[in-house]
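Asks: Annotations per TrEMBL:
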type	residues	note
TRANSMEM	6-23	transmembrane segment
TRANSMEM	30-52	transmembrane segment
TRANSMEM	58-76	transmembrane segment
TRANSMEM	96-113	transmembrane segment
TRANSMEM	119-139	transmembrane segment
TRANSMEM	146-166	transmembrane segment
TRANSMEM	172-192	transmembrane segment
TRANSMEM	204-221	transmembrane segment
Amino acid sequence: MNYILPLLSVLIGYAIALIIKPKKKKNLKLLLAFSGSFLLSLTVMDLLPKVYESHNHSIGLFIMVGILFQIILEFFSKGAEHGHVHGHDKINSMPWLLFVSLCIHAFLEGFPVGHHHDLAYGIAIHHLPIAIILTTFFLNAELNKTALFVFMVSFALMTPLGTLVSDSAPAFTQYFTEITAIVIGILFHISSTIIFESSEGHKFNIAKISMIIFGILLASFI
Ligand SMILES: [Zn+2]
Ligand SMILES: [Zn+2]
């Protein structure tokens, strides 16, 4: 499950965008709001207490490093990790900068999954709308089908690959708490940005608030 869920969610998102071609931005926004809230809840309820239990006094610093690292990644990806894509220009070749930064992001997210099984659900739900949004964006930008396929399959493989590396390399086991703290920083930044950007002009939106509450409740039950 740890490996399958994050892999499948991207492939399913890719397939949904290819086959159904979702037009309703509103539903995607709600799915994003839910995914952000669910991911943030899992982070604060499950991951955060665990790293602080380690009594490593510099753990807070590693969390800040994670936040900073994700901010830097977004210079290159322009926010693709939280479902933010823009531009109407045609994309003729593989968008390498976006590709590499998204892969690094997804790879790192896989690290804590082996020890925190709930996170597999969190990342799966977080990457599903991202895959739909990215595929739709690339289809509109007329990126060639092979490049799109390579892009989405690599993105899908990155999180399970991160889990595999962290589970099998002893060097990473030794620094597991520090790496988890960095991933917490990444997840903090990503999920709060998702929640923030899914609201337009800070207007009160009952549907969105309901999805956020639903995300919190679901995370607290699993
Ligand atoms: Zn953004
Ligand atoms: Zn992610």
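From the backbone N, Cα and C atoms, a Cβ is placed for every residue, glycine too.
Since the structure is predicted, the reported quantities are computational estimates derived from the model, not experimental observations.
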Asks: Under 8 Å for C-beta pairs, could you tell me which stretch among 6-23, 30-52, 96-113, 172-192, 204-221 has the largest tally with the transmembrane segment (58-76)?
Replies: 172-192
Asks: Quick test of the contact rule: Cβ under 8 Å, at least six residues beyond the ends. What residues does that give for the transmembrane segment (30-52)?
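Replies: Same-chain contacts beyond the ends: 59, 63, 82-83, 112, 116, 118-119, 121-123, 125-126, 128-129, 177, 180-181, 183-184, 187-188, 190-195, 197-199, 207-208, 211-216, 218-220.
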Asks: Based on Cβ pairs under 8 Å, which of the stretches 119-139, 146-166, 172-192 lies most in contact with the transmembrane segment (96-113)?
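Replies: Maximum Cβ contact count belongs to 146-166.
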Asks: Counting only CB pairs under 8 A, let me know which of 6-23, 119-139, 172-192 has the most with the transmembrane segment (146-166).
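Replies: Top-ranked stretch among 6-23, 119-139, 172-192: 6-23.
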Asks: Please report, as numbers and ranges, the same-chain residues at least 6 past the borders of the transmembrane segment (119-139) whose CB is under 8 Å from any CB of it.
Replies: 1-2, 5-6, 8-14, 16-18, 21-22, 28, 31-32, 34-36, 38-39, 42-43, 46-47, 80-83, 85, 91, 106, 109-110, 112-113, 148, 151-152, 155-156, 159, 187, 190-191, 194, 219, 222
Asks: What residues in the same chain, six or more past the boundaries of the transmembrane segment (6-23), come closer than 8 Å to it by Cβ-Cβ distance?
Replies: 106, 109-110, 113, 120, 123-125, 127-136, 139, 152-153, 155-157, 159-160, 163
